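**Q** As listed in TrEMBL for this protein:
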- D153: active site, proton donor/acceptor (ACT_SITE)
- N12, E389: Mg(2+) binding site (BINDING)
- K19, H213, L214, G215, N216, G217, D287, M288, R289, G335, V336, G337, E338, N339: ATP binding site (BINDING)
- R96: substrate binding site (BINDING)
- H185: site 'Transition state stabilizer' (SITE)
- R246: site 'Transition state stabilizer' (SITE)
Amino acid sequence: MTSTATRVLVLNSGSSSVKYQLLDMADGARLAAGLVERIGEETSRLAHTPLATGGDKRERVAPIADHAAALNAVAEELAADGLGLDSPELAAIGHRVVHGGSQFTEPTLITDEVVAEIERLIPVAPLHNPANITGIRTARALRPDLPQVAVFDTAFHTTMPEAAARYAIDVETADAHRVRRYGFHGTSHAYVSRKTAELLGKAPEEVNVIVLHLGNGASASAVRGGRCVDTSMGLTPLEGLVMGTRSGDVDPAVIFHLARNAGMSVDEIDSLLNKKSGLIGLCGDNDMREIRRRIDEGDEQAQLAFDIYVHRLKKYIGAYYAVLGKVDAVAFTAGVGENAAPVREAAVAGLEELGLVVDAGLNGIRSGEARLISPEYARVAVAVVPTDEELEIAAQTYALVSAVSA
Ligand SMILES: Nc1ncnc2c1ncn2[C@@H]1O[C@H](COP(=O)(O)OP(=O)(O)O)[C@@H](O)[C@H]1O
Ligand SMILES: CC(=O)OP(=O)(O)O
Ligand SMILES: [Mg+2]
């Protein structure tokens with residue numbers, strides 16, 4: 001890495017999308033950002049915003065067959081702005097990797113052995129890790145000389161005590177198949193819990209925070225003094241909260257029941273719980289904006305979906321309050337958490353005895369800034385703290401390559 005190389009490209013490859021950002025870590029400037037969606041479909045779309053030049057957002061709507069083609073298209077868009085992957089100013093590429101098992105507790109410099117290890121984790125992350133690996137392979141082919149770093153969703157949660165991380169099933173079977181609770185969205189939980197401490201004017205070590213990451217995937221975490229002590233996702237990102245298309249917690253016997261009595265295969269049940277459940281399964285919509293619109297029109301199915309979503313959320317707030325004993329703040333983040341005031345209001349309603357109160361006026365304010373929405377007298381702060389997984393991945397990537405080259 002040369003001293004002028006301060007830029008980091010962040011790649012967040014999902015099952016059918018790639019989100020990316022190019023950041024300059026010298027000043028934190030965002031130079032470009034974009035999204036490729038519906039990869040593998042006829043209607044693939046790439047949207048690229050050249051932030052450095054202040055140019056207009058560019059869109060390509062044309063079939064993009066796979067993640068490798070997506071990344072090559074992203075490289076072309078960056079090159080068109082003079083920000084190509086061949087730039088000597090590029091210090092590293094940071095990859096979000098969803099499942100790092102128990103072994104990856106830190107951001108990791110990618111080698112062939114690391115790729116092989118991420119591959120070995122595919123059985124426990126079939127939707128996510130294959131896309132992450134393709135992203136890594138393609139990026140390495142484009143710039144074989146450049147350091148590439150894997151930043152794992154699971155890393156922040158590796159501090160969970162065994163009492164929280166283990167399922168109460170036969171130990172030998174569990175260990176033989178690596179069945180335990182790993183947790184996900186860790187980069188977001190780490191970033192948001194730190195930002196929440198900052199908002200309270202305290203060091204992360206001084207505060208206990210419940211973080212509610214409510215995006216398409218959703219998870220809660222209990223963070224004691226900057227370390228995760230429990231989180232709602234488990235072996236896979238299916239456990240826990242009600243999500244856009246995932247059920248979250250169900251009695252595991254639902255699976256046996258459907259297999260034995262509904263004639264469904266394991267793959268069909270997998271798809272049911274991951275893709276046709278949650279909000280979309282309950283009311284046909286997974287976007288909270290649309291659900292709120294329907295509720296305003298008196299739609300009872302949308303109202304019930306909302307109520308089930310909020311009921312689960314409230315249960316986890318209560319559970320993590322008990323896990324932590326003392327709570328300094330509850331922080332809402334990601335698409336729903338940052339934008340849906342009615343979700344925040346309903347999740348905290350009735351918890352005054354726990355010191356949790358939301359001020360309706362503050363809750364109604366729309367802003368992209370981290371902010372408190374609880375009244376000054378409240379014993380527990382309630383906050384809205386925008387997450388920034390890309391910035392956090394870039395920061396961790398840059399810190400690692402700077403340390404290696406120093
Ligand atoms: N203005 C809004 N009001 C309510 N919900 C919103 C709003 N904007 C986004 N959302 C919700 O946020 C979700 C996307 O969250 P996001 O964190 O971007 O998800 P992901 O990163 O998992 O794709 C949408 O599906 C929608 O439900
Ligand atoms: C792990 C996970 O659920 O990720 P996402 O929210 O991006 O689907
Ligand atoms: Mg997200």
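Every residue, even glycine, has its Cβ placed from backbone N, Cα and C.
The shown structure was predicted, so the numbers you read here are calculated from the model rather than taken from an experiment.
Mind mapping these onto the model and telling me what they sit next to?
**A** The DSSP secondary structure for D153 (active site, proton donor/acceptor) is coil.
E389 (Mg(2+) binding site) is surrounded by 24 other CB atoms, counting those within 10 A of its CB over all protein chains shown. Classification of E389 (Mg(2+) binding site) by DSSP places it within a helix.
Under the DSSP three-state reduction, V336 (ATP binding site) is assigned to helix. Within its own chain, V336 (ATP binding site) has L214, G215, A218, M288, V343 as residues 6 or more apart in sequence whose C-beta sits under 8 angstroms from its own.
Within 10 Å of the Cβ of R96 (substrate binding site) there are 23 other Cβ atoms, across all protein chains. Secondary structure at R96 (substrate binding site), taken from DSSP and collapsed to helix, strand or coil, is strand.
All protein chains included, H185 (site 'Transition state stabilizer') registers 29 other Cβ atoms within 10 Å of its own Cβ.
All chains included, 26 other C-beta atoms sit within 10 angstroms of the C-beta of R246 (site 'Transition state stabilizer'). R246 (site 'Transition state stabilizer') carries neither a helix nor a strand DSSP state and counts as coil.
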**Q** Rank the recorded positions D153, D287, E338 by the number of other Cβ atoms within 10 Å of each Cβ and report the first-ranked residue.
**A** D153
**Q** For N12 (Mg(2+) binding site) and K19 (ATP binding site), determine the Cα separation and express it in whole Å.
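**A** Pair distance, Cα basis, whole Å: 5 Å.
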**Q** Least buried of the binding-site residues K19, R289, going by other Cβ atoms within 10 Å?
**A** R289
**Q** Find the longest CA to CA distance in the recorded ATP-binding set K19, H213, L214, G215, N216, G217, D287, M288, R289, G335, V336, G337, E338, N339; express it in Å as a whole number.
**A** 22
**Q** Cα of E389 (Mg(2+) binding site) to Cα of N216 (ATP binding site): how many Å, rounded?
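**A** Cα-Cα distance, E389 (Mg(2+) binding site) to N216 (ATP binding site): 14 Å.
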**Q** Take the C-alpha atoms of R289 (ATP binding site) and R246 (site 'Transition state stabilizer') and report the distance between them in angstrom, rounded.
**A** 18
**Q** Sort the recorded positions R96, D153, H185, R246 by C-alpha distance from N216 (ATP binding site) and give me just the closest.
**A** R246
